[in-house]
Every structure is written in structure tokens, then in C-alpha cells.
Amino acid sequence: SLQDQFDNLEKHTQWGIDVLEKYIKFVKERTEIELSYAKQLRNLSKKYQPKKNSKEEEEYRYTSTRAFLATLNEMNDYAGQHEVISENMTSLITGELTRYVQELKQERKSHFHDGRKAQQHIETCWKQLEASKRRFERDCKEADRAQQYFEKMDADINVTKADVEKARQQAQLRHQMAEDSKAEYSSTLQKFNSEQHEHYYTHIPNIFQKIQEMEERRIVRIGESMKTFAEVDRQVIPIIGKCLDEITKAAESVDHKNDSQMVIEAFKSGFEPPGDIDFEDFTQPMKRTVSESSLSNSRGDGKSEPKFGSKSKGKLWPFIKKNKLMSLLTSPHQPPPPPPASASPSAVPNGPQSPKQQKEPLSHRFNEFMTSKPKIHCFRSLKRGGAGPEDFSNLPPEQRRKKLQQKVDELNRDIQKEMDQRDALTKMKDVYIKNPQMGDAASVDHRLAELGQNVEKLRLEVQKFEGWLAEVEGRLPARTEQPRRQSGVYEAQNPSGVNSCAQDRESPDGSYTEEQSQETEMKVPATDFDDEFDDEEPLPTIGTCKALYTFEGQNEGTISVAEGEMLYVIEEDKGDGWTRIRRNEDEEGYVPTSYVEVYLDKNAK
């Protein structure tokens, strides 16, 4: 029936709306996934970004790490495209379809309301027709009965004329009522037929047509939304492709040669590799006495130099002969010089062809250089709270030069900033002078004075670090006239007179001494103090040593030795690169540990 068709259409259109809402939910979940994916990509990119002012940031100067950083940045842009997908799907699909579903529900409700109304109208017409038909039928029956009663009364001779006339009038009235009912029924029937025709051929088809059009629009709309779903993805493909192209470009920019060279430059120490180690013949008995020739040679070679313990040193070293105070004196306030290169025998006065070198000190020094951490050399570095001396003397030459250059550049930038501020304040002061209503010119004088003091302090700092830098650059192997073999520490002389934190050294007994400049200025005349400790016992010897190279003891606290000379060891190397030796009662001092071969007595205390 028609009602069944309406029920079927109502169920089908409701199912269509459910499909549309299901698709909206699908797209909404897709947008949430895109947002979540973009957020995770951004977090991933942020997680692996180098932290500012950290060691990681320095590592990103290599091409491989820069390529990785570019990849992280492109992944961030890649995540942004997924956010674009989510935004476009939300606005073009989810939002539009949600509004369309609301409109569709209203339209569907309107169409089925019209259908129910038309159905009710035809049912009302049908009821009217049935009522008119029953009334017409009843009136006809009533007219027949009235006619039969009249005829019966008219045939009966016993009935009066008045009764017959009354029966006749009643029959006529009933016939008239039947005729009226007939006319009404006929009119109602015609009207119903017309309404029924209009209902089945006009109203209902129109309603069905509207429902059909509504359903077709829904189907078209969901198809367009699916197409938009694909187009939203397709629109970001070119940008995603560019991101991937940039990642590929960054990967192709990786230069292994350049990275290797940067590593070499970063860790280049400036040291030269050690020379060959000569064969040590242990079949020869160890000599524990010193030959007269070696003593005479050493004295002859170094007689022009003031020796530690000689008679000519009394002005600067008033307690030099006193063994008790000798134990309190420090080793020289600078790293020991490296031994001369074995490939250049001309650099050594006696030109040894194959100088002997003890295995243990060489390996010890090399391993110490490769594995040791920077030490705090002085109290000044402790006050600054730093991990090393101010002049970076704990670093190898090349690394020290780079650090000093960075410090000079940093100080120059600070000076430029201060000068820029001073120039700005000077201009402001000029404006205030010309226009007093704008401000008080005297209010900036204090700040200008502060900036001037800051600039002077920074310039002094620059001069100090430039002095250290000039000192290092003049001592690097690539800049020296003669290549020299160096051990785990490098020579640190200061011709410019700038005091280095490395000069604050630890003395052999563990105490700290004053700076070299202060010690050299402490000129105490040789007085009766010389005689106070004449009776002190000398330090006991703990072994002997053989000089592998000639050493000119030019600095205070050192002693000159000649190659091949045998001497007594009275104090081992404390880790600063110096060994304390004695030639005779009055001549003792420090020599570089790498210049001698030490033979310690096992029973020595």
C-alpha cells in the first residue's frame, strides 16, 4: 500500500542520513589522527634539536650533523602539512557536512509531513464519501418503506382519507430526502474521485519526487566530500615533496672530507710525535759514579750560565745552600722544555746519534697527555670557579691558541657593544644639551663613566689575552724555525712579561708558591742567613740518572747538565715534568724529566 511505501522511504532516507553522519565521524577521526601525528612529529623534532648553549650545539658544525638538523627542521614543516590536512578536512568536509545533515533532516521531516498530511486528507475525503453513501442508502430505504406504507393505506377501505393523505405526503417527503441524499452522494463521490486522482497522480508523486531529489543530493554530496577528502591530501603533496627534497639535498651536502678535517682542526694539539726509542743494553753494568770528563764537560758547557747551587747565585737565591730550605723550594714555574728531536742531531751540542730514553717516562707522558683531564693549576682559577687556568695553559698548544683566539674575539665583541652603548648615550646627552626640556644631560654622565671604565677593563683583558696568544703562536711547531720533539706538556715561557696562571705551580712538598714575577722581584741580599743552616744535612740520594741530552739551565731553580753525564737523584718527578738532581754538595737543582734516564735504588727511602 501507499502507507507501506512511505514507511520504506522513511527508513531508507534515515539510513542515508546515518551513512552521512558515519562518514562525518570517520573524517573527524582522521583529522584527529593527523593532528596527533603532527604533534608527535613536532615533539620528535624538538626532542632531537640541540640545546642552546650546550655541547650539543657545538657538535652541529659538522656537515653530517647539520644535515640531521636540516632533517629535523624539514620534519617540523612536514608536520605542519599534516596540520593543514586536518584543518582543511575540518573546514571543507566535517563542518560543511554537519551543516548539510541538519538541513537534510529538516527537509526530510518536511517531506514526510506533507506526505502524512496528504494521506490524512484523502482518508478524510473517503470517510465523507462513505458517510454520504450510507445516508443515501438509508434515505432510499426509508422512502421505500414510506411508499409501501402509503400503498397499503390507500388499498385499505377502512382507512380514512386523511390517513391516506398523510401517508402519501410522508412517502413523498421520504422520496425527496432520498433524492437529496442521492444528489449529495453523487457530488461527494465526484469530489472524492477528483481528490483521489489528485492525490495519487499529483500530490504523492510530487512528494516522492522531492524525497528522491533529496536523497540524490545526499548521495552527490557524500561523493563530493570523498573527492575533497582526496584533494586535501593531494594539495599538500608538492610541499611534502619539497620537504623530502630538502632532506635529500641536506643528505647530499654531507662531506666526509670536510668533517674529518674539522675533527683534525678541533683536536690538533700542536705536539710533534715522539721519536724512535733506542735499544737499551742491559748487559752493561749500571754506573753509579760520575766520570770526571762528564763533570768537566758539563761545567765547561754551562759555565756562562748561573747554576742552581753555584756561588754566583746568591743575590736571587739567598738560601740556596741550605738543604732544609731547599726542600721547600719549588720546581721551576713553567712546564719543562721538550727534548730535542732525534732527527736533528745538530740541535744538540754534542750531537748524539741515538740518545737513549727511558721507556716508562715516555709511555707515562704519552698516556697522561691522551687521557688526563685538565688540572686546576692555581688558587686564582679556584676563585674564578673555572675548571682550568685563565690562560688555558693546561691545553695543548693548538687548542690553547684556538681558545685564546675565541676569548680575544669575545672580548672585542664586548668592547664593541660597550662602545655602541657609549655612542648612543653620547648622542642622547647632546640631544639633552640642545633641548633641556627633554631630559637632564648630567643624568647620563655616571653611566658614560661606567661604560668608559668597562671599555678600559676589557681592553686590558684583550691585551693580556693577546700577549698569551702571541706567546703561543710564537711557540707552535708550525711557526718555529726548528721542529722539536715534545712530550705531554709544552714549553710555556712568557717573553711579554704577562703573568700566567700556569706559573702558580705546586711545589714538590705539596705547597703552593707565589707567582714567578713576585719571586724574581724578591731580591734578598746574602747576609748572615747563609750561615744559619750550614750544618744542615743534605737530602739523601734515591738513585742515579744519566743525561740523555744537554740541558742549559737558564731559569732559576734549574741546573745545567751535559749529555751522558751521570748525576744523583734526590727527588722524583712529582707530576710536573721536573726531576731534582745533585752533582755535588753545592750543586743541585731541577732538570726536565724527559732529558734524563733515572735509575732508582730499590732500598732508597
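The backbone N, Cα and C atoms fix where each Cβ goes, glycine too.
Fair warning: this is a prediction, and the values are worked out from it, not measured in the lab.
Annotated features in TrEMBL:
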type     : residues : note
DOMAIN   : 1-259    : domain 'F-BAR'
COILED   : 150-181  : coiled coil
REGION   : 288-314  : region 'Disordered'
REGION   : 328-361  : region 'Disordered'
COMPBIAS : 333-342  : compositional bias 'Pro residues'
REGION   : 381-407  : region 'Disordered'
DOMAIN   : 394-471  : domain 'REM-1'
REGION   : 478-525  : region 'Disordered'
COMPBIAS : 493-502  : compositional bias 'Polar residues'
DOMAIN   : 540-601  : domain 'SH3'
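In terms of DSSP helix, strand and coil, the domain 'REM-1' (394-471) has 72 helix, 0 strand, 6 coil. Helix, strand and coil residue tallies for the domain 'SH3' (540-601), in that order: 3 helix, 29 strand, 30 coil [DSSP]. Residues 132, 135-136, 138-140, 142-143 of the same chain lie 6 or more positions beyond the ends of the coiled coil (150-181) yet place their CB under 8 Å from a CB of it.
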